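Enquirer: Handing you a structure now.
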Amino acid sequence: QNIHLVAKWLGSLEKKLEQHSEGSHQDFRVFISAEPAPSPDSHIIPQGILENSIKITNEAPTGMHANLHKALDNFNQDTLEMCSRENEFKSILFALCYFHAVVAERRKFGPQGWNRPYPFNTGDLTISVNVLYNYLEASSKVPYDDLRYLVGEIMYGGHITDDWDRRLCKTYLGEFIKPEMLEGELLLAPGFPIPGNMDYNGYHQYIDDALPPESPYLYGLHPNAEIGFLTQTSEKLFHVMLEMQPRDTSMGEGGVVTREETVKALLEEMLEKLMDEFNIAELMAKVGERTPYIVVAIQECESMNILTSEIKRSLQKLDLGLKGELTMTSDMENLQNALFLDMVPESWIKRAYPSTASLGTWFADLLTRIKELEVWTGDFALPSTVWLSGFFNPQSFLTAIMQSTARKNQWPLDKMTLQCDVTKKNREDFASPPREGAYVHGLFMEGARWDVQTGIITDARLKELTPAMPVIFIKAIPADKQDTRSVYPCPVYKTRQRGPTYVWTFNLKTRESPSKWVLAGVALLLQI
């Protein structure tokens with residue numbers, strides 16, 4: 001419905017309620033139901049109505065226990081009896097309830113749960129059960145593949161916009177809906193086998209008796225996932241509290257350092273530490289042949305110049321504003337607030353690379369990135385190991401590995417892929433780059449860890465959220481030569497926000513089933 005009309009109507013409702021507040025029947029009440037607004041500008045219920053009403057909210061249940069009961073509540077004893085193939089129907093229905101509860105509740109783990117949040121709803125579950133009923137009635141064998149496809153790609157998959165999330169959804173269904181479920185050998189989670197043939201109340205009772213206590217294991221995740229998500233939640237809370245601090249700049253008792261003084265000291269320190277911009281014309285004159293690596297180095301210098309010139313420009317302007325030589329604008333106010341709150345200013349973020357760091361850490365990291373570029377453009381020799389995290393555009397460097405190999409061996413670029421071999425060494429152990437390809441460092445693993453001795457992915461250690469990876473040797477090979485057996489295709493992201501910061505896929509060796517790492521949300525990160 002039209003939101004403006006609703007807003008107008010609510011305004012007249014408020015007046016009507018005021019008129020009826022006196023002289024009306026003592027039992028006169030008005031009930032209004034509303035759903036959460038998608039954005040702040042849709043908050044249209046007048047203040048007066050909110051202040052005079054008793055508010056009751058219906059919170060979605062949290063945890064697997066409540067969600068699994070709630071999923072099962074969509075059905076009843078009649079549902080369980082409606083299919084002629086009772087055993088198969090009941091088993092798959094229960095598995096679908098567990099699947100529904102898992103995908104809905106996995107959201108709480110942030111980007112390690114899903115790259116993007118999706119509006120899965122009970123309609124997805126009830127329609128999936130209808131489809132299950134129709135398929136079982138119509139075929140003599142249980143069409144497992146068809147069921148998984150319809151549920152994973154259409155009913156639930158219809159909401160999903162990210163390829164990695166689609167893979168996760170399909171993996172859950174591959175684990176939950178398969179022939180083994182009828183032999184009583186299927187575990188929906190560690191310690192939670194799929195139940196046998198029971199009546200409706202029996203299933204509710206089974207959940208109470210058999211479901212292990214709430215933990216990330218119920219979702220296929222490692223307990224560290226919870227630590228990460230709780231830490232980020234509390235950091236957000238403290239951040240909001242800090243932003244709500246009064247912005248009083250008057251001198252307190254005992255001459256406390258004012259906001260302006262803090263900002264001024266920081267601003268001067270930053271301007272002093274920032275180096276001169278890269279002289280692109282000079283660099284271009286220095287190189288002979290423009291190899292793929294040199295093109296990347298020059299592009300990175302250009303991006304860095306755009307960022308550092310904006311930092312200098314905005315800081316110098318704010319400096320003049322604080323001295324009273326320029327009128328303070330809203331941009332300068334925002335910059336001052338950001339510096340005081342240890343946040344990266346908006347105009348810098350726009351010209352930079354994705355990052356979740358606070359300003360102090362971000363600026364120190366920026367200086368390291370500049371140093372790395374200075375060393376590389378000193379003689380344009382490829383560093384012995386390349387800091388992959390230090391690029392604005394790591395994809396362009398990885399593509400350059402393929403381009404230079406393709407040129408050297410006269411291979412067609414579109415028939416090539418990258419192979420990554422994790423070495424047993426750290427960056428200090430390398431004195432020169434490889435003959436072909438590159439050594440890269442600066443990656444971290446989230447959701448699991450790399451076992452250096454055996455050279456495979458293995459379970460994370462408790463409280464080690466993002467262990468560092470050894471140096472990785474990356475080289476280009478013809479696509480048909482790559483070994484896809486016993487590997488987990490691992491997404492590489494720039495930050496823990498994942499999603500849009502995707503860079504590449506590295507195939508990592510694993511002895512265990514790759515689906516284990518899919519459910520655990522295992523990824524490589526360029527910064528933590």
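The count begins at 1 with the first shown residue.
Any Cβ shown, glycine's included, is placed from N, Cα and C.
Quantities reported herein were computed from a predicted structural model and do not represent experimental measurements.
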Enquirer: Do you know which of 117-144, 257-284, 285-312, 453-480 TrEMBL annotates as coiled coil?
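Expert: From TrEMBL, the annotated coiled coil range turns out to be 257-284.
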Enquirer: Same-chain Cβ contacts of the coiled coil (257-284) under 8 Å, 6 or more residues past its ends?
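Expert: Beyond its ends, the coiled coil (257-284) has Cβ neighbours at 247-251, 297-298, 301-302, 304-305, 308-309, 311-312, 315-316, 318-319, 322, 336, 339-340, 363, 367, 370, 373-374, 377.
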Enquirer: What counts of helix, strand and coil residues does DSSP assign across the domain 'Dynein heavy chain AAA lid' (89-225)?
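Expert: Its residues fall into 92 helix, 5 strand, 40 coil.
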Enquirer: Please spell out the DSSP helix, strand and coil residue counts for the domain 'Dynein heavy chain region D6 P-loop' (1-57).
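Expert: Going through the domain 'Dynein heavy chain region D6 P-loop' (1-57) residue by residue, I get 27 helix, 0 strand, 30 coil.
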